[in-house]
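J.: Okay, here's the structure, questions in a sec.
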Amino acid sequence: NGAICIQPCSPSFHGETSFVCEERKWQMFADACASLDIQSLFQPVHGKPGHGAKYFGADDHGNSNCQADFSCIIPEILSSPAIPGNIADIVELLKKISLLLSEDVNRGKMQSYIRIANHILNSSVISNWAFVRDRNAGSILLDSVNLFAGKLLLRNGSESIQEPFISTKGYSIHKNTSGKRFDFSMEFNNTGNITGHVVIPEEELLKLPKTSKAVSIAFPTLGAIIETSRLDPGFVNGMVLSVSLPEELRHILLTFEKVNKLENVKAQCVGWHSTERRWDTRACAMKSDNISSVVCNCKHHHRTFKSFSILMSPTMLRNAALDYITRVGLGLSIFSLVLCLIIEAVVWHHVTKTEITYMRHFCLVNIAMSLLIADVLFILAAIVHHTALNYQLCVAATFFLHFFYLALFFWMLTLGLLILYGLLFVFFKITRSVFIATAFSIGYGCPLVISILTVAITEPKNGYLRSGACWLNWYETKALLAFVVPALSIIVVNVVVVVVVVVKTGRSAVGEGCKSQDLRNMMRISKNVALLTPLLGLTWGFGLATIVESRSLAFHITFALLNAFQGFFILLFGTLLDRKTREALRMNCLSSKRKCSLAKVNIF
């Protein structure tokens, strides 16, 4: 998330690790007005960033100065008019560079990058941004510059690169025991002489465990550019200032000179939320305000573990309770599923003697296996996003996460259809081989097709991943629907299965003629519903609430509580409360004790 001051001033403050969500996707837009084909200039030969790529103007062997600083493309870009089509292409180009070529960002690379960005940030082309097809282009540009500048290498402890409409400064900072704060200014003499001032308080510097760096990027025109695509009544009356800080630092003071110095202009410090493309009033608080400047006290949150509710919700909420529920729930779920699979392996020959019990336990094992792998991948995806920051790894993690969570639902559908088969087609027998072939086609075949189609359709448009997490995109391409729609459809089918079970259970008690049986009948129905709810994934239906009310913390917490612990519920209701499984475990224990006793007799 970010921080910005609407009306009189506009900082966009972010932490290296958590404040501004980094874009992990590309999205090329064809525009009839575009005269500069940026896409044809950028042609990486190999998939790994920074290794053997053929860049702008490179020869067949990939030898060019462009590999070092992209300088060969600057004349062509600067000579092209900043019309809407070219603006869109240049934004995508800068995003590609920030994703693929942001390793070892030296002064030369940063200068070239800043010059390219400066071309489309010119005050004379602000009105052209209103006609750019992607309404989030300004936000994408901000994210891309933040990501690239955050990797800037500092020579002799500092670096400063200035262009008329964008400026970058970087400084080495370290733990300060002298009681002094660290501060520096950002100035633009060519655009109304507006300035910004960054102050890191002395108490914050004491939190640094080692020498780190602070990188600031100032944009005097970006606030007006973002306004062109928004309907907010407020206006940005100063520069946009982004500051990349170590994760240990929580607070920073940002001072901004007002462009419009009228007394009746009221200031408000807010932050730019890159994930949701909106201003966030929780990011900054106003410390002081006068006719010429305003001081904002901005804070950033530590990176939190991704909430489990992100799987169904378009919005990713930051909350300590969600973080705790997700960690505990997934940990207990993984442990429970491993225990469930061990128990199934131990009692398999005892509980699969009939065709119907074999099919039931076959589905249960695959449900547990799919959920176990998906939960582990959920954790790994968070680790990949937080530490590796590798786009290809994030795509791979999202693909397999999507596949295995879909597999979970399709195996729950298979179990639901098996229950219907047992209730409605009593005299119709299905062979074990036919069942296995059908079950694998549904359980793994359908998810594989959906997962491949999703990545094949959205990734070329750079809309597979969402901002700030290794998971399916929502705001640009609605790729998340490739998970939500199948999941909710399967839940509806399984709800019908539960209704049929309840009806059948109720009918079995009709004719018993004793009122004392009513309570027993209700208990039987309740038990069946309780047993089937986690096995058929009915609690995931609450994810619909997180879609409709995506910013409701109560809905997110409820969803996480119901579904992060699904592995534990499967162990409890699918294994431990199953009478035949308990009997098989008891027989196995007695057999083990008998073998142990015989061994002792033979020894003596």
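Each residue's number is its place along the chain shown, starting with 1.
Even glycines carry a Cβ here, placed using N, Cα and C.
TrEMBL feature annotations, pasted as is:
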- 174-318: domain 'GAIN-B' (DOMAIN)
- 322-578: domain 'G-protein coupled receptors family 2 profile 2' (DOMAIN)
- 328-351: transmembrane segment (TRANSMEM)
- 363-383: transmembrane segment (TRANSMEM)
- 403-427: transmembrane segment (TRANSMEM)
- 434-457: transmembrane segment (TRANSMEM)
- 480-503: transmembrane segment (TRANSMEM)
- 529-548: transmembrane segment (TRANSMEM)
- 554-577: transmembrane segment (TRANSMEM)
J.: Can you tell me which recorded stretch out of 328-351, 363-383, 480-503, 529-548, 554-577 has the most Cβ pairs within less than 8 Å of the transmembrane segment (403-427)?
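T.: Checked against 328-351, 363-383, 480-503, 529-548, 554-577; highest Cβ contact count belongs to 480-503.
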J.: What else in the chain is close to the transmembrane segment (363-383), if you only count residues 6 or more beyond its ends and a Cβ gap under 8 Å?
T.: 305-306, 308, 311, 330, 333-334, 337-338, 340-341, 344, 394, 397-398, 400-401, 404-405, 407-408, 411-412, 414-415, 418, 439, 443, 469-471, 535, 566-567, 570, 574-575
J.: If you average pLDDT over the domain 'GAIN-B' (174-318), what do you get?
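T.: Result for the domain 'GAIN-B' (174-318): average pLDDT 79.
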J.: Over the span of the domain 'GAIN-B' (174-318), count residues by DSSP class, listing helix, strand and coil in order.
T.: 14 helix, 56 strand, 75 coil
